[in-house]
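As given in TrEMBL:
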type: DOMAIN; residues: 5-137; note: domain 'MARVEL'
type: TRANSMEM; residues: 6-29; note: transmembrane segment
type: TRANSMEM; residues: 41-59; note: transmembrane segment
type: TRANSMEM; residues: 79-99; note: transmembrane segment
type: TRANSMEM; residues: 111-127; note: transmembrane segment
type: TRANSMEM; residues: 139-162; note: transmembrane segment
type: DOMAIN; residues: 142-278; note: domain 'MARVEL'
type: TRANSMEM; residues: 174-196; note: transmembrane segment
type: TRANSMEM; residues: 211-232; note: transmembrane segment
type: TRANSMEM; residues: 253-272; note: transmembrane segment
Amino acid sequence: VNLRALTSWVGIARLLAVVLSCLTFSLVASTGHFGGPYGTWCMFTWCFCFAVTLLVLLLELLELYPLLPLSWDDFTSAFSMLATLMVFTSSVIFPATFISSPCSSSRCARQAVATTASCLCFLAYAVEVSLTRAKPGDISSFLSTVPGLLKVFEAYVACLIFSLLDEYSGKSGLMWCVAVYSICFIFTLLIIIFTIGRCLAYIPCSLEKVLVGYNFLALLMYLTATVLWPLYGFQGRSRPDPCGTDCWWNKRLGVTFLTIFNLIAYLVDLVYSTRMVF
């Protein structure tokens, strides 16, 4: 038994994440008010992060993780980054969707406490990411470096973009943007999977330079999408009034901002990857 898995700073952050995620989904479940796609997503996020973090703690406590056919450091780094992004998104979506003003009922109070616990859970995962991030000169695991963490961020933002896509057929500009999102997402996801599965060593070429080339091409592709998506998405169409949660205008505006976020992420990724190689 490795008690350091629970007593180290990383272990304490994981324990807090387990307790807070469990508290969050328990409070939300007690209200019985989490229906619809947004509520389902939030509940899935808290339950998923709770289950995987608990599994990670048990495997490290019993020292069973070396038996798994994967890179454990890469897996835990990628998961902590993913959990940080997922819990942050849920901490924003849940109160915006389910908490109404004024908040006077007992159900609303439980929802407010659940939101607070979710925000604290996000901080716990963010602390874990900062503690496990590779220091300058340390290349023990790729996904714990800044370019590796950015790969998880880029893939997650692409998933958010896919969730907001509505009607895009019939316009070549929008179809190109969707192709950009899909191609970059697939290649980024393959890099993450191959890294965790220890398959990158079998690639018969310089992996670092391949990643630099891929980041450069992805940056150019996202640059075109940043220009074409708002140009074709809002061309000749004004914002409807009223414009609710499922309004097409709000969704396309969200895709625009997420595209800019990923463009910045690929730019930073290219800079860091270039510095690591050259």
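Keep in mind that glycine also has a Cβ here, set from the backbone N, Cα and C atoms.
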Residues outside the transmembrane segment (211-232) whose C-beta sits under 8 Å from one of its C-beta atoms, at least 6 past its ends, are 147, 154, 171, 173-174, 176-177, 180-181, 183-184, 187-188, 191, 252, 255-256, 259-260, 262-263, 266-267, 269-270, 273-274, 277
Give the one range among 6-29, 41-59, 79-99, 174-196, 253-272 whose Cβ atoms make the most pairs under 8 Å with those of the transmembrane segment (111-127). 6-29
Range from 6-29, 79-99, 139-162, 253-272 with the greatest count of C-beta pairs under 8 A to the transmembrane segment (41-59): 6-29
Just give the helix, strand and coil counts over the domain 'MARVEL' (142-278), going by DSSP. 107 helix, 0 strand, 30 coil
